[in-house]
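Taken verbatim from TrEMBL:
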- 492-504: compositional bias 'Polar residues' (COMPBIAS)
- 492-515: region 'Disordered' (REGION)
- 12-39: transmembrane segment (TRANSMEM)
- 71-93: transmembrane segment (TRANSMEM)
- 100-120: transmembrane segment (TRANSMEM)
- 126-148: transmembrane segment (TRANSMEM)
- 160-181: transmembrane segment (TRANSMEM)
- 187-207: transmembrane segment (TRANSMEM)
- 277-300: transmembrane segment (TRANSMEM)
- 320-343: transmembrane segment (TRANSMEM)
- 364-387: transmembrane segment (TRANSMEM)
- 399-418: transmembrane segment (TRANSMEM)
- 425-444: transmembrane segment (TRANSMEM)
- 456-478: transmembrane segment (TRANSMEM)
């Protein structure tokens, strides 16, 4: 906690609570696309793509598959931009700090909501830039808020996952827009209101957020915010040093070597961004994130046509299931902290002899990574089964899995790599996974074309692909066991009267070689 003023503790909790509200109401609204798409179709957006067609039995009907495909393209591009632009945004956040990143995010988000507020069916193409701006602005709000976990050391992972859960739950906002629209309140008025809320974001930026970054671990007497006063010079210097240190730096020297992948003759203190990216941890974590994210994006982007197929086009049933899906998204903020608690469960417990805090954090993350992959597999199986009532279970598993996925992603990066590279690594991870997520559009085209609207074969393929996510927790588990074996070996050598310094050097070299 802070030690700058008597009101510092209150400031911490205000920052936490207001950030949670910000993520809950604004950051991830783009993932409420299924609800917004229902309203946009009712309003007649892209209705010019609907054509008259004749069925095999000679009946005439209106074929709106072209409209559905265009809406799917809007979401595909927006979700891609949401992740891909996290890379430059991460560099921006690491280089210029919180205030600059937040001002950019607020500007983009406001522009996006205004574009929708000013659009109409004749200008449907405005949906492309509008959804992209909302997505990119929202993820910037999330990235700048996740550092708040640094203020609460022992609960850091829990708070990071809580914010990501709020990010997932913010898709409920578009359900509210849908309900208001059905009650007679125009779509445009709703988005004008969302635009005016940017004033709240600006106030929070200047009053309750740091200008640069919140360091970890938190130095004594650290201050932040416009009205908190000024820290003493030596405290500022200490904060800057802590901010530039990775999670492996400190008093332990070479004994803090845990799981960073380094070349020979390097110490943990010199782990570079390039070495982090080229590590096996980064690769398998990317696979873990990408395959599950692709499954979720395709499910969200094709939910409306899937429900139309399962309900035989009944608009009442489609609306009911769309509402049910959106309501379950609100539970993301309730599900995500459980993942954080799983990752923080070792805090305060006695560690094994010679085990560092970083090793304990990594070992604790194995269960979280495995449970997330298992949830995705179960969700994919339910989503693949063409039974309408079973989709309620799909909705529940989907929100649970997404909460664990994104919260666990951010928490693992903060654990496994230096904090000085967090923004860049998080951005690169999301950008590369975004490239994989582009596969959702050709998958949708295959369903509409080759498979005549039946998604069964694509869903089966994605279910099999999701099995690749289990490689990551397996690799981390093996790595943790290898480190534990090295510690036991070092302990035995000490018991046999070996030199402590030579043992440290040998243990370090073994860890480097095994990595």
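Every residue number used here counts from 1 along the chain in the order it is shown.
Each Cβ is built from the backbone N, Cα and C atoms, and glycine gets one as well.
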- Here the stretch out of 71-93, 126-148, 364-387, 425-444, 456-478 with the most C-beta pairs under 8 Å to the transmembrane segment (320-343) is 364-387
- Message: Before we move on, state whether the transmembrane segment (456-478) and the transmembrane segment (399-418) share at least 3 Cβ pairs under 8 Å, counting only pairs 6 or more apart in sequence.
- Response: no
- Message: So, taking each listed stretch (100-120, 187-207, 364-387, 425-444) in turn and counting its Cβ pairs to the transmembrane segment (126-148) that are under 8 angstroms, which one gives the highest count?
- Response: 100-120
- Message: Check for me, if you would, whether the transmembrane segment (425-444) reaches the transmembrane segment (71-93) - at least 3 Cβ pairs under 8 Å, residues 6 or more apart in sequence.
- Response: yes
- Query: Okay, the transmembrane segment (364-387) and the transmembrane segment (187-207): do they have at least three CB pairs under 8 Å, pairs separated by 6 or more?
  - Reply: no
- Message: Need a quick answer: max count of Cβ pairs under 8 Å to the transmembrane segment (399-418), which of 12-39, 71-93, 100-120, 364-387 is it?
- Response: 364-387
- Sequence-remote partners of the transmembrane segment (364-387) [C-beta within less than 8 Å, at least six residues beyond its ends]: 288, 291-292, 295, 299, 310, 339, 342-346, 393-394, 397-398, 400-401, 404-405, 408, 411-412, 415-416, 456, 459-460, 462-463, 466-467, 469-470, 472-473, 476-477, 480
- For the transmembrane segment (100-120), find every same-chain residue at least 6 residues outside the stretch whose CB is under 8 Å from a CB in it, and list them. 26, 43, 45, 89, 92-93, 126-127, 129-141, 143-144, 187-189, 191-192, 194-195, 198, 201-202, 205, 209
